[in-house]
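Engineer: One structure, pasted below without further comment.
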Amino acid sequence: MESAKSRIVTKASSAPPLTNPGELIDSVETFIFDCDGVIWKGDKLIDGVPETLDLLREKGKRLVFVTNNSTKSRKQYGKKFETLGLSVSEEEIFASSFAAAAYLKSIDFPKDKKVYVVGEDGILKELELAGIQYLGGPADGDKKIELKPGYMMEQDKDVGAVVVGFDRYFNYHKIQYATLCIRENPGCLFIATNRDAVTHLTDAQEWAGGGSMVGAILGSTKREPLVVGKPSTFMMDYLANEFKIQKSQICMVGDRLDTDILFGQNGGCKTLLVLSGVTTLSMLQDPKNSIQPDFYANKISDFLSIKATAV
């Protein structure tokens, strides 16, 4: 009897499908979109995206694009949008690479300190724009360690933060160098751009995400990182402040429950899950899943149904 009762409760609390997109559009001023799995998969645009963005802009909505992928800077993401035929300005893009640099600026990271980067070019470019010294990154991608008797790696004592993001050139040298900085440099910060388990490097399958690199450093340091990307509230607070928007006037649209939807909920926004990326309907409705969006839709082009009904 007990299990039947709990099944009924779960079903009742499961998110409803988006049946009235016009109502949702009218209820908010700003839409924040995740990119991978919502706008594109790998380098392939998801069907109906250009028309949907045009519709929302026509209705006077502010559009913001937030991605946990730190491999590109805002400028580089601007180029990707352009390549896909989408008109999006740099100011509308917030990548976790930018969030890492913005966080360090917000805490007045000392000018004489450096950042050791486990990650790719996007983080380096954003740190450079913020006027923050750095080392590591892709330059350490081909460094190998010869474990000879008596060999000891030495780290730069001026490293005051280690920033870890997705890194296709991750290696043992980077793990050891980051570990030494975090464990031995007094007050050294451990910052993660995100902890995503998987990412869409191609549209053919899921690939191990930035969380795997963060997990390696966490494993060796036994230190929890400060996460600046989704679902951390840092980016949401920064966005709300930057654009002077009330969080209740925002709808977060994403394909992941544990990052996108949680990000929106942590920030007090409305949330819409799309099933065009990581999360399937069965995952959403699984009794073990405790994260429920306000609504779910197949993809963002479901918004276009309001045009069809208007005609």
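Including glycine, each Cβ sits where the backbone N, Cα and C put it.
All TrEMBL annotations are machine predictions without curation.
Below are the features I grabbed from TrEMBL:
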| type | residues | note |
| --- | --- | --- |
| ACT_SITE | ASP34 | active site, nucleophile |
| BINDING | ASP34, ASP36, ASP255 | Mg(2+) binding site |
| ACT_SITE | ASP36 | active site, proton donor |
| BINDING | LYS230 | substrate binding site |
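Just tell me what is around each of these and how deep it sits.
Structural biologist: Neighbour density for ASP34 (active site, nucleophile): within 10 A of its CB lie 26 other CB atoms from the protein chains shown.
Around ASP36 (Mg(2+) binding site), a 10 Å sphere centred on its CB holds 22 further CB atoms from the protein chains shown.
Shown in sequence order, ASP34, VAL66, ASN68, SER96, ASN194, GLY254, THR259, ASP260, LEU262, PHE263 are the residues of the chain, 6+ apart in sequence, with a C-beta less than 8 angstroms from the C-beta of LYS230 (substrate binding site).
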Engineer: For Mg(2+), what surrounds ASP34, ASP36, ASP255 with a Cβ no more than 8 Å from their Cβ centroid?
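Structural biologist: In sequence order, the nearby non-listed residues are CYS35, GLY37, VAL38, ILE39, THR67, HIS200, GLY254, ARG256, ASP260, VAL274, GLY277, VAL278.
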Engineer: Test of understanding: give the count of other CB atoms lying within 10 angstroms of the CB of ASP255 (Mg(2+) binding site).
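Structural biologist: Here the count is 25.
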